[in-house]
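Colleague: Dumping the structure here so I can ask a few things about it.
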Amino acid sequence: MQFENSLEFAEKMDQQDPLAAIRNDFAIPKMDNGDDEVYLCGNSLGLQPKLAAEYVQRELAQWASLGVKGHFSGDFPWMPYHEFLSEGFADLVGAKTEEVVAMNTLTANLHFMMVSFYRPTETRHKILIEEHAFPSDHYAVESQIKFHGFDPKESMLLIKPRAGEDLIRNEDLIELIEKEGESIALIMLPGVQYYTGQVFDMQAITQLGHAKGCKVGFDLAHAAGNIVMNLHDWQVDFACWCTYKYLNSGPGSVAGCFVHENHHKDEDLPRFAGWWGHDKSTRFKMENTFKPIHSAEAWQLSNPPVLSLAAIRGSLDTIKKAGGINALREKSLKLTGFMRHLLTTQIPERITILTPSEEKYSGSQLSLTVRLNEKDDPERGKRVFTALEDAGVTGDWRYPNVIRVAPVPQYNSFKDVYRFVEILKNAIDNH
Ligand SMILES: *Cc1c(COP(=O)(O)O)cnc(C)c1O
């Protein structure tokens, strides 16, 4: 793709963009002067699809007019409501519909998955995660290890970038699994790293992990709705993701979970059970013998919050209208490619991009550090970030010194990207 440094070029890209009109299906936050913000924070909280609001309103109306009968009435009865999301989730992560379910929240799902897939023994008790995993993942893993009576100092195996580097090297990861594989019970890594935006080679990791006898699960918080995956074919054991980042389903919205069909018929697998995981045909007989559904639904505990599921359904329908994850990814490569081009040609001496440049190893997000010279103080990056916010750019700041920006193919335009880089240049010049 040949990019040019001009507003005209950005506008031309928008005119030729088959997904440009999807932006109108979202509520875009405004600046004080009434202009649209340059919203580049979909990696943290995605914008509201108009369909999400419509579908939530619809369930509120159902509740108002039908009361308890809403469980069984209308086009989208509450009783099987989570099933209406299965197809959309399955398309996003490359799974069969039986392998995915909407339930709980991300960290809760990580715990429930570890109950089933982290079964430490004296000789195989380690969990491999990144040294700088998202804190919630770190806490979840550490507490699971302690729960089983093991010592995190011995059982948490941490992979980290080499000294002076930001990214975890594939070869280092492979070497570690080769070396320690026999003692690893579970490999739990992100699909996309939240701080650097690095994409992990999930297929290769799963293959190698399985060859060593490990279970392999992924946290897809930053991958779902961002990159193309094939969890089923890759034989991934489990995966969990939240729906409020690239899946635009609202703050704290219900999460997604994948369990490979290889595990669905294993009724001896330990799990923390609840009535929503019980065989649907006898669930309401209120008997005491738990009979797990032979699908990912077996891991459900409770009847789910339908208002949140309705918002997810609105988001998934919007994604479907856009042509699904392949169409989004195609635009994303151009959109983020354009941003990378502008940054590297216009201010290469001022900005470092941590995110890998290879398509295979990057998604929508770019993680930027503002480079300092001898005279700059270390707070400069933060000051530049604040100046961006004042000028109508919403991105996010992650300690110690990264500005994360994610042009999202569903609602960001090439013009947004152009505006962002102009504003950033200004902010750097003036701070
Ligand atoms: C966003 C995110 C979380 C958040 O967890 P919740 O349980 O949804 O609050 C956890 N882990 C990672 C890697 C994330 O990116």
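Including glycine, each Cβ sits where the backbone N, Cα and C put it.
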Colleague: Pick from Tyr118, Tyr244: which one does TrEMBL list with Leu106, Thr107, Phe134, Pro135, Ser136, Asp137, Asp219, His222, Trp275, Asn303 for the same pyridoxal 5'-phosphate site?
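Modeller: That pyridoxal 5'-phosphate site, as TrEMBL gives it, pairs Leu106, Thr107, Phe134, Pro135, Ser136, Asp137, Asp219, His222, Trp275, Asn303 with Tyr244.
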Colleague: What does DSSP call Phe134 (pyridoxal 5'-phosphate binding site) in the simple three-state scheme?
Modeller: coil
Colleague: Determine the minimum-neighbour residue: among Asp219, Tyr244, Asn303, listed as binding-site residues, which Cβ has the fewest other Cβ atoms within 10 angstroms?
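Modeller: It is Asn303 that, of the binding-site residues Asp219, Tyr244, Asn303, has the fewest other Cβ atoms within 10 Å.
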Colleague: Could you tell me which of the binding-site residues Phe134, Ser136, Asp219, Tyr244 have their C-beta within a distance under 6 angstroms of some atom of ligand 1?
Modeller: Phe134, Ser136, Asp219
Colleague: I'd like to know which of the recorded positions Leu106, Lys245 has the most other Cβ atoms within 10 Å of its Cβ.
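Modeller: That would be Lys245, with the most Cβ atoms nearby.
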